[in-house]
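Trainee: Can you keep this structure in mind? I'll have questions shortly.
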């Protein structure tokens, strides 16, 4: 799994 | 930022504005599910806690604040100002059946077992099903006003456009987030039946009426 999500996406 | 992301955000924004303007102009929230609106407020609140610890861009910050404010504004209009017009007898979906599984799943499947990360994951899972009370309300009454249909169409388009954004990002940036992608696909699939009715009926000037 991706380690952290993208805080840019709303 | 790519074109799909931008168009997705804009259709999300437009959906929220359509809903607020509809309620304000008609002075009525008939046909709108307050349960779904509560779920969206929970979604934005648990997701945008990162406003405190992660500054991305003015665009990002402004959009998050607008979504939060519009969401609480909608709830205020529905449960306070125009409460008398709220279709409470048809809006009977039990939201605890969505909140509890989303919370449990967020605790099990997440990127990191940290409070903010779990809340973000919870918001992604909950958003994917948050429209169900609204779709349930439409199916119970058997119809939706055109303006409500436009709202639902823009809201569905938002997550569909995000899927294109994720496909683009996978190839262009080698970035992907399985939690967001799977939940986003579930969310979009829930709108498919509605999309079909919207295109075959509402766009041809007919009212959205479900077959009896």
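Cβ atoms here come from the backbone N, Cα and C positions, even for glycine.
Straight out of TrEMBL:
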{"type": "TRANSMEM", "residues": "B:62-80", "note": "transmembrane segment"}
{"type": "TRANSMEM", "residues": "B:92-113", "note": "transmembrane segment"}
{"type": "TRANSMEM", "residues": "B:119-139", "note": "transmembrane segment"}
{"type": "TRANSMEM", "residues": "B:151-172", "note": "transmembrane segment"}
{"type": "TRANSMEM", "residues": "B:178-199", "note": "transmembrane segment"}
Trainee: Counting Cβ pairs under 8 Å that sit 6 or more residues apart, are there three or more between the transmembrane segment (B:119-139) and the transmembrane segment (B:62-80)?
Mentor: no
Trainee: So what's near the transmembrane segment (B:92-113) in sequence-distant terms, Cβ-Cβ under 8 Å and 6+ beyond its ends?
Mentor: 33, 35, 38-39, 42, 119, 121-122, 125-126, 129-130, 132-133, 136-137, 140, 177, 179
